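Input: a single structure, listed below in C-alpha coordinates.
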(Lines of atoms letter the chains of each structure in order from A and count residues from 1; the text may use other names and numbers.)
(Lines give C-alpha, C1' and ligand atoms only; values in the text may rest on other atoms or scores of the structure.)
Protein backbone atom coordinates (compact mmCIF):
# COMPACT_ATOMS: atom_id res chain seq x y z
CA UNK A 1 0.00 0.00 0.00
CA UNK A 2 1.11 3.57 -0.70
CA UNK A 3 2.65 5.41 2.23
CA UNK A 4 2.70 9.16 2.63
CA UNK A 5 6.09 10.85 2.73
CA UNK A 6 6.74 12.96 5.81
CA UNK A 7 9.32 15.77 5.77
CA UNK A 8 12.28 15.10 8.04
CA UNK A 9 11.88 16.71 11.45
CA UNK A 10 14.29 19.44 12.48
CA UNK A 11 16.03 19.54 15.84
CA UNK A 12 13.54 22.12 17.07
CA UNK A 13 10.65 19.87 16.08
CA UNK A 14 12.04 16.80 17.81
CA UNK A 15 12.96 18.59 21.04
CA UNK A 16 10.56 17.88 23.90
CA UNK A 17 7.99 20.65 24.31
CA UNK A 18 5.94 21.41 27.43
CA UNK A 19 2.27 20.48 27.37
CA UNK A 20 0.01 23.42 26.53
CA UNK A 21 -3.42 21.74 26.33
CA UNK A 22 -4.44 18.40 27.78
CA UNK A 23 -7.72 16.47 27.71
CA UNK A 24 -8.29 14.15 30.65
CA UNK A 25 -10.98 11.45 30.48
CA UNK A 26 -12.99 13.69 28.17
CA UNK A 27 -16.45 12.58 27.08
CA UNK A 28 -18.82 14.60 24.95
CA UNK A 29 -22.53 14.20 24.30
CA UNK A 30 -24.83 15.63 21.65
CA UNK A 31 -28.00 15.18 23.69
CA UNK A 32 -27.90 11.39 24.24
CA UNK A 33 -25.37 10.64 21.51
CA UNK A 34 -21.95 9.79 22.93
CA UNK A 35 -19.70 11.61 20.44
CA UNK A 36 -16.32 11.44 22.21
CA UNK A 37 -15.31 8.61 24.50
CA UNK A 38 -12.75 9.03 27.26
CA UNK A 39 -10.29 11.11 25.25
CA UNK A 40 -6.84 11.59 26.76
CA UNK A 41 -4.41 13.68 24.76
CA UNK A 42 -1.60 16.16 25.38
CA UNK A 43 -0.98 19.01 22.93
CA UNK A 44 2.63 20.29 23.05
CA UNK A 45 3.38 23.99 23.13
CA UNK A 46 4.41 25.78 19.92
CA UNK A 47 4.00 22.68 17.82
CA UNK A 48 1.42 21.77 15.18
CA UNK A 49 -0.86 18.86 16.07
CA UNK A 50 -3.06 17.46 13.30
CA UNK A 51 -6.33 15.64 13.99
CA UNK A 52 -7.12 13.11 11.26
CA UNK A 53 -9.79 10.49 10.70
CA UNK A 54 -12.88 9.81 8.59
CA UNK A 55 -15.90 12.12 8.58
CA UNK A 56 -17.88 11.96 11.80
CA UNK A 57 -15.02 10.59 13.90
CA UNK A 58 -15.02 13.52 16.34
CA UNK A 59 -12.13 15.68 15.08
CA UNK A 60 -14.04 18.94 14.83
CA UNK A 61 -15.98 18.17 17.99
CA UNK A 62 -12.73 17.86 19.94
CA UNK A 63 -11.47 21.10 18.41
CA UNK A 64 -14.63 22.93 19.46
CA UNK A 65 -14.28 21.70 23.03
CA UNK A 66 -10.85 23.30 23.24
CA UNK A 67 -12.50 26.74 23.15
CA UNK A 68 -15.95 25.73 24.46
CA UNK A 69 -17.72 26.98 21.38
CA UNK A 70 -20.14 24.07 21.84
CA UNK A 71 -21.56 25.97 24.82
CA UNK A 72 -23.36 28.24 22.35
CA UNK A 73 -25.69 25.37 21.42
CA UNK A 74 -28.28 23.50 23.51
CA UNK A 75 -28.15 19.88 24.66
CA UNK A 76 -24.37 19.55 24.39
CA UNK A 77 -22.32 18.42 27.35
CA UNK A 78 -18.62 17.84 27.98
CA UNK A 79 -17.47 15.72 30.91
CA UNK A 80 -13.94 15.39 32.18
CA UNK A 81 -11.22 18.01 32.00
CA UNK A 82 -9.52 20.13 29.38
CA UNK A 83 -6.47 21.80 30.87
CA UNK A 84 -4.97 24.95 29.40
CA UNK A 85 -1.77 25.77 31.27
CA UNK A 86 -3.01 23.34 33.94
CA UNK A 87 -6.32 25.17 34.43
CA UNK A 88 -9.57 23.37 33.62
CA UNK A 89 -11.34 25.44 30.97
CA UNK A 90 -14.49 23.32 31.34
CA UNK A 91 -14.96 24.62 34.87
CA UNK A 92 -17.87 27.09 35.16
CA UNK A 93 -15.44 29.31 37.06
CA UNK A 94 -13.15 29.71 34.04
CA UNK A 95 -14.05 33.09 32.45
CA UNK A 96 -15.30 32.76 28.88
CA UNK A 97 -13.78 36.10 27.84
CA UNK A 98 -10.40 34.92 29.04
CA UNK A 99 -10.77 31.68 27.10
CA UNK A 100 -11.76 33.52 23.91
CA UNK A 101 -8.66 35.69 24.14
CA UNK A 102 -6.33 32.75 24.83
CA UNK A 103 -7.72 30.34 22.22
CA UNK A 104 -8.37 31.59 18.68
CA UNK A 105 -10.26 29.67 16.01
CA UNK A 106 -10.42 29.70 12.21
CA UNK A 107 -13.17 27.81 10.42
CA UNK A 108 -13.42 25.82 7.20
CA UNK A 109 -15.13 28.57 5.22
CA UNK A 110 -13.66 32.08 5.42
CA UNK A 111 -16.09 34.32 7.30
CA UNK A 112 -14.94 37.94 7.07
CA UNK A 113 -17.22 40.42 8.79
CA UNK A 114 -19.14 42.80 6.49
CA UNK A 115 -16.87 45.71 7.37
CA UNK A 116 -13.52 47.10 6.32
CA UNK A 117 -10.33 45.06 6.33
CA UNK A 118 -9.00 47.19 9.18
CA UNK A 119 -12.14 46.81 11.29
CA UNK A 120 -12.18 43.04 10.75
CA UNK A 121 -8.89 42.81 12.61
CA UNK A 122 -9.60 45.57 15.13
CA UNK A 123 -13.06 44.24 16.06
CA UNK A 124 -11.96 41.62 18.58
CA UNK A 125 -9.26 43.82 20.06
CA UNK A 126 -11.81 46.53 20.86
CA UNK A 127 -13.86 44.02 22.86
CA UNK A 128 -10.92 43.02 25.05
CA UNK A 129 -8.63 46.04 25.27
CA UNK A 130 -8.64 49.83 25.15
CA UNK A 131 -5.87 51.02 22.85
CA UNK A 132 -4.89 54.40 21.51
CA UNK A 133 -5.39 55.00 17.80
CA UNK A 134 -1.67 54.60 17.14
CA UNK A 135 -1.44 51.40 19.19
CA UNK A 136 -4.47 49.98 17.41
CA UNK A 137 -2.95 50.74 14.01
CA UNK A 138 0.29 49.03 15.03
CA UNK A 139 -1.59 46.05 16.41
CA UNK A 140 -3.64 45.62 13.23
CA UNK A 141 -0.56 45.91 11.06
CA UNK A 142 1.28 43.32 13.14
CA UNK A 143 -1.65 40.89 12.91
CA UNK A 144 -1.93 41.34 9.15
CA UNK A 145 1.80 40.74 8.82
CA UNK A 146 1.46 37.55 10.86
CA UNK A 147 -1.38 36.57 8.56
CA UNK A 148 0.91 37.15 5.55
CA UNK A 149 -1.58 39.68 4.19
CA UNK A 150 -0.16 43.11 4.98
CA UNK A 151 1.67 43.70 1.71
CA UNK A 152 -1.48 42.86 -0.26
CA UNK A 153 -3.90 45.08 1.67
CA UNK A 154 -1.87 47.90 3.26
CA UNK A 155 -3.16 50.41 0.71
CA UNK A 156 -6.81 49.37 0.97
CA UNK A 157 -7.46 48.88 4.68
CA UNK A 158 -10.60 51.00 4.37
CA UNK A 159 -12.14 48.75 1.73
CA UNK A 160 -14.62 45.97 2.42
CA UNK A 161 -13.11 42.63 3.37
CA UNK A 162 -15.77 40.97 1.24
CA UNK A 163 -13.87 42.07 -1.86
CA UNK A 164 -10.86 39.89 -1.03
CA UNK A 165 -10.24 36.55 -2.71
CA UNK A 166 -11.05 33.35 -0.84
CA UNK A 167 -7.44 32.75 0.10
CA UNK A 168 -7.02 36.35 1.24
CA UNK A 169 -10.21 36.12 3.29
CA UNK A 170 -8.91 33.05 5.08
CA UNK A 171 -5.61 34.76 5.86
CA UNK A 172 -7.63 37.72 7.12
CA UNK A 173 -9.49 35.36 9.45
CA UNK A 174 -6.15 34.06 10.71
CA UNK A 175 -4.94 37.63 11.23
CA UNK A 176 -8.15 38.42 13.10
CA UNK A 177 -7.59 35.41 15.36
CA UNK A 178 -3.96 36.20 16.17
CA UNK A 179 -4.73 39.90 16.73
CA UNK A 180 -5.84 38.99 20.26
CA UNK A 181 -2.44 37.38 20.89
CA UNK A 182 -3.85 33.98 21.82
CA UNK A 183 -1.74 31.13 23.14
CA UNK A 184 -3.52 28.51 21.03
CA UNK A 185 -4.79 28.64 17.44
CA UNK A 186 -7.43 26.13 16.31
CA UNK A 187 -7.79 25.55 12.55
CA UNK A 188 -10.82 23.56 11.37
CA UNK A 189 -10.03 22.39 7.82
CA UNK A 190 -8.77 25.88 6.94
CA UNK A 191 -7.88 25.06 3.32
CA UNK A 192 -10.68 22.73 2.25
CA UNK A 193 -12.49 25.52 0.37
CA UNK A 194 -9.34 26.98 -1.21
CA UNK A 195 -7.44 26.45 -4.46
CA UNK A 196 -4.01 24.71 -4.42
CA UNK A 197 -2.01 27.97 -4.51
CA UNK A 198 -3.96 29.45 -1.58
CA UNK A 199 -3.67 26.13 0.25
CA UNK A 200 0.11 26.17 -0.12
CA UNK A 201 0.26 29.72 1.23
CA UNK A 202 -1.80 28.80 4.29
CA UNK A 203 0.43 25.79 4.93
CA UNK A 204 3.52 28.00 4.78
CA UNK A 205 1.80 30.38 7.16
CA UNK A 206 1.09 27.59 9.66
CA UNK A 207 4.79 26.73 9.67
CA UNK A 208 5.62 30.36 10.43
CA UNK A 209 2.93 30.81 13.09
CA UNK A 210 4.03 27.86 15.23
CA UNK A 211 7.01 29.93 16.35
CA UNK A 212 4.53 31.94 18.43
CA UNK A 213 1.45 29.76 18.82
CA UNK A 214 0.36 26.26 19.73
CA UNK A 215 -1.63 25.05 16.71
CA UNK A 216 -4.21 22.29 16.38
CA UNK A 217 -5.45 21.63 12.84
CA UNK A 218 -8.27 19.38 11.68
CA UNK A 219 -7.72 18.05 8.17
CA UNK A 220 -9.12 15.36 5.90
CA UNK A 221 -6.00 15.67 3.77
CA UNK A 222 -3.41 13.25 5.09
CA UNK A 223 -0.72 14.69 2.82
CA UNK A 224 -1.39 18.04 4.43
CA UNK A 225 -1.14 16.54 7.91
CA UNK A 226 2.20 15.02 6.93
CA UNK A 227 3.46 18.34 5.56
CA UNK A 228 2.46 20.75 8.31
CA UNK A 229 2.26 18.87 11.60
CA UNK A 230 4.75 17.76 14.22
CA UNK A 231 2.25 15.44 15.92
CA UNK A 232 -0.77 13.60 14.54
CA UNK A 233 -3.77 12.11 16.32
CA UNK A 234 -5.95 9.55 14.53
CA UNK A 235 -9.58 9.39 15.63
CA UNK A 236 -12.28 6.89 14.74
CA UNK A 237 -15.92 6.75 15.86
CA UNK A 238 -15.33 9.04 18.82
CA UNK A 239 -12.22 7.24 20.07
CA UNK A 240 -8.64 8.47 20.00
CA UNK A 241 -6.92 5.50 18.39
CA UNK A 242 -3.35 6.75 18.30
CA UNK A 243 -1.37 9.93 18.94
CA UNK A 244 2.34 10.27 18.23
CA UNK A 245 4.92 12.18 16.27
CA UNK A 246 3.76 12.62 12.70
CA UNK A 247 6.66 10.68 11.19
CA UNK A 248 5.83 7.75 13.49
CA UNK A 249 2.12 7.79 12.68
CA UNK A 250 2.77 7.73 8.94
CA UNK A 251 5.72 5.33 8.88
CA UNK A 252 5.34 3.03 11.89
CA UNK A 253 1.85 3.28 13.40
CA UNK A 254 1.33 1.03 16.39
CA UNK A 255 -2.37 0.33 15.76
CA UNK A 256 -3.77 -1.64 12.83
CA UNK A 257 -6.69 0.80 12.47
CA UNK A 258 -4.22 3.64 11.94
CA UNK A 259 -2.29 1.60 9.39
CA UNK A 260 -5.49 0.77 7.51
CA UNK A 261 -6.62 4.40 7.43
CA UNK A 262 -3.39 6.02 6.30
CA UNK A 263 -2.86 3.40 3.59
CA UNK A 264 -6.38 3.90 2.24
CA UNK A 265 -7.93 0.58 3.24
CA UNK A 266 -10.89 2.46 4.71
CA UNK A 267 -12.11 5.99 5.33
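Note: Cβ is positioned from N, Cα and C throughout, glycine not excepted.
As the structure is a computational prediction, the values presented were derived from the model and not from experiment.
What Swiss-Prot says about this one:
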{"type": "BINDING", "residues": "53, 54, 55, 56, 57, 58, 59, 60", "note": "ATP binding site"}
{"type": "DOMAIN", "residues": "21-262", "note": "domain 'ABC transporter'"}
Exercise for review: In three-state terms from DSSP, label residue 55 (ATP binding site) for me.
Suggested key: coil
Point to revise | Other CB atoms within 10 A, centred on residue 56 (ATP binding site) | key: 13
Revision key, fill the gap. Sparsest Cβ environment (other Cβ within 10 Å) among binding-site residues 53, 54, 58 belongs to 54
Check your understanding: Averaged over the domain 'ABC transporter' (21-262), what pLDDT does the prediction give?
Key -> 97
**Study point:** Which listed residue (55, 60) has most other Cβ within 10 Å, given these are binding-site residues
**Key:** 60
